[in-house]
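Chemist: Here it is, the structure, as structure tokens.
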Amino acid sequence: MVLHNVTFWRGFVFLGFSSFGELQLLLFTLFLCLYLVTLTSNVFIIVVIRLDSHLHTPMYLFLSFLSFSETCYTLGIIPRMLSGLVVGGQSISYVGCAAQMFFSASWACSNCFLLAVMGFDRYVAICTPLHYASRMHPTLCAQLIVASFLSGYLFGLGMTLVIFHLSFCSSHEIQHFFCDTPPVLSLACGDTGLSELGILLLSLLVLLASFFFLTVSYAYILAAILRIPSAEGRKKAFSTCASHLTVVIIHYGCASFMYLRPKASYSLERDQLIAVTYTVVTPLLNPIVYSLRNRAVQTAVRNAFQGSLLGKG
């Protein structure tokens, strides 16, 4: 299908939070603070895990790459969103919008696969603890990480091609703060039924495939925990999974709501609220809920500060 010339040259305009009027400055301050904390926390987690040899285990390796993925995801969305809150509606070229959709979708899909890999890691650690070191060897860990990112890029490319093979109507105003698939798809002309089906199938493959592996892993984990005779032992085993489960529920809940529904159910205000959750709040929860509350990470942070102070002394 031939692309509309006006769309190619003029691109799109983000309306973002323009309907919030005077509240935009307050939103800018709030989102900027959250973003700075998110960026600092994720980068700090990556550095701490890299420097502390006690954290050179599969669990923390996966955590560091999840933080890396979340950092890249937010870098492609949040700075432009903050700029839009200050200067108003922002334009983006057709190619720029396609690039933003590709990278944001790729990182989001990679996050799903990384969370599934982390669930598998917890399964091996709890169900076969004596064989954990031999099974989760560095080569397998590297293969799982590479597979997660390559799969994310392939699905991101697929989603982008499904959207941007369409022609777009005279309106180029995106009722959103970045080039996400639902708001861009709503601007397409003609029959978009096949494209909607394509996005739905790709989303189902990503979410259901990764969620299936998570479900199977946790079914075995739950069975193993219930076989532990002492209540203290069961509590300790479950505590190693609680943070991961929290992140999984938030991540998959938001993603499922956004992408596993028909075009007719899109709502500007509701969708932007959900989008803020998974672009601003969820990346912040990863280091706070999953890492910074972890005793091993806390010890590594204290050691890093003590080493820094001793170095200055």
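Cβ from N, Cα, C; glycine included.
In case it's useful when we look at the structure, here is the feature table from TrEMBL:
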TRANSMEM  25-48  transmembrane segment
DOMAIN    41-290  domain 'G-protein coupled receptors family 1 profile'
TRANSMEM  60-78  transmembrane segment
TRANSMEM  98-120  transmembrane segment
TRANSMEM  140-164  transmembrane segment
TRANSMEM  199-225  transmembrane segment
TRANSMEM  237-260  transmembrane segment
TRANSMEM  272-292  transmembrane segment
Chemist: Most CB pairs under 8 Å with the transmembrane segment (60-78): which of 25-48, 98-120, 140-164, 199-225, 272-292?
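Modeler: So the stretch in question is 98-120.
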Chemist: With a cut-off of 8 Å between Cβ atoms, can you find at least three pairs linking the transmembrane segment (199-225) to the transmembrane segment (98-120)? Only pairs 6 or more residues apart in sequence count.
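Modeler: Contact criterion met.
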Chemist: Near the transmembrane segment (272-292), which same-chain residues lie under 8 Å Cβ to Cβ, leaving out any that are not at least 6 residues past its ends?
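Modeler: For the transmembrane segment (272-292), the far contacts come to 17, 31, 34-35, 37-38, 41-42, 44-45, 63, 66-67, 70-71, 73-74, 77-78, 81, 108, 176-178, 180, 243-244, 246-247, 250-251, 254-255, 257-258, 298, 301.
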Chemist: Compute the average pLDDT of the predicted model within the domain 'G-protein coupled receptors family 1 profile' (41-290).
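Modeler: Averaged over the domain 'G-protein coupled receptors family 1 profile' (41-290), per-residue pLDDT gives 86.
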